[in-house]
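> Just passing along the structure, written as structure tokens.
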């Protein structure tokens, strides 16, 4: 129509009324088509026809209400909330509009707003059972939020995850609850689960600063610090006042710098400085389990170089408590146990390592520890003779002569029976030790940990033979009251 015709058209009340009737009729047709598609569960087509109805008649509250219901079925709850709110703005007595608005608030995790909507329905219809039930659900959601807040404050992250799971059963579209759950999963060391939740949110909203922060937190706790910093920086771009992202970014950079300083000092053989730097790094963030496990192990390595073996063992134990899959910590502790002759503990650690990683190197380490443990449980013939393991043949003979004289039965003939028995036992041990260590083949087998036929005890023949040889080389001691003219052995 031309402008003149339009003026004539709308200036005529009869024609004008007919026009608006036709508009309303057209909108109703679109609505009915939308209803048909909705009943067939073809929500996308239903949405399209309800939108057409709204375009034709934008002041009809029921059209917005219908489209809100369709958007809810399409899980587009934020858009559904807007349509519900528009519906009740157009008609404050539109009960279904208030109900749908409340349900959208509830699904999006806003229990207080949901409560207000359901209260409005109950004002309009006090006996409305649906509103009564939804109001109880909103109250339950508020209680889970309260419990989660207390749990987070107490660092009881398992309780928080439990509460958020219950809350998300009601508020399935609440990003805030998902973020809280993901952060707590990260703090519990359940990184794949936390990453999965954060990634789901980022797929829907790539600019979500909270999800970016949690994604970075997982990488940070998995010791991928450089990548973590990138996510923290991105989160701060989206939300410059994001305090958690700022703190995590600062800790990540400080931890990386201090750890690298320690590593460099260690490479430069400045073990004291390395030990101190690793100690300082451990104070930066107690929550970073994996990085701290590595720092404990690094400090143990520096401690071992400084001969602080017991402290090194304690540090390895701390690392294993933080990460019981940390093979390097088991290996380092096992070596420290070997160096302190705690062979049973060393064997236990090497067994753990070999069960996890069946490599030839680990098998060799385990066999070596088992051999040392076996050797440690035998008589130490070197100790019996009072010599070191590198003693020469002459040193072995001299030591034997000295110890044999020291424990010779005739020397203790005037002692009590108990002392005589003990000295006789030691005298025989000296003989055993000399018999093994003076024989190159037996000595080699003994040193390599092999069993010896005569290692544990000597039979009667061997003892008698040993006693005869001893009396030939070392004549009996004279009685205590012998005179000056009798033979007397002088100790040098």
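Backbone N, Cα and C atoms are what each Cβ position is placed from, and that goes for glycine too.
TrEMBL lists these features:
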type: DOMAIN; residues: 380-450; note: domain 'J'
type: REPEAT; residues: 27-60; note: repeat 'TPR'
type: REPEAT; residues: 95-128; note: repeat 'TPR'
type: REPEAT; residues: 209-242; note: repeat 'TPR'
type: REPEAT; residues: 255-288; note: repeat 'TPR'
type: REPEAT; residues: 327-360; note: repeat 'TPR'
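Help me understand the surroundings of these features in the structure.
Residues in the domain 'J' (380-450) partition by DSSP class (helix H, G, I; strand E, B; coil) as 52 helix, 0 strand, 19 coil.
Shown for the repeat 'TPR' (27-60): DSSP residue counts in helix, strand and coil, namely 27 helix, 0 strand, 7 coil.
Residues 61, 64-65, 68-69, 72, 77-78, 80-81, 84-85, 87-88, 134-135, 137-139, 141-142, 145, 167, 170-177 of the same chain sit 6 or more residues outside the repeat 'TPR' (95-128) yet have a Cβ under 8 Å from a Cβ within it.
Secondary structure of the repeat 'TPR' (209-242) per DSSP (helix as H, G, I; strand as E, B; remaining residues coil): 27 helix, 0 strand, 7 coil.
In the repeat 'TPR' (255-288), helix, strand and coil residues by DSSP number 24 helix, 0 strand, 10 coil.
As a whole-number mean, the pLDDT of the repeat 'TPR' (327-360) in this prediction is 96.
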> Is the count of Cβ pairs under 8 Å between the repeat 'TPR' (255-288) and the repeat 'TPR' (209-242), pairs 6 or more apart in sequence, 3 or more?
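Per Cβ check, the repeat 'TPR' (255-288) touches the repeat 'TPR' (209-242).
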> Please count the residues of the repeat 'TPR' (327-360) that DSSP assigns to helix (H, G, I), strand (E, B) and coil.
28 helix, 0 strand, 6 coil
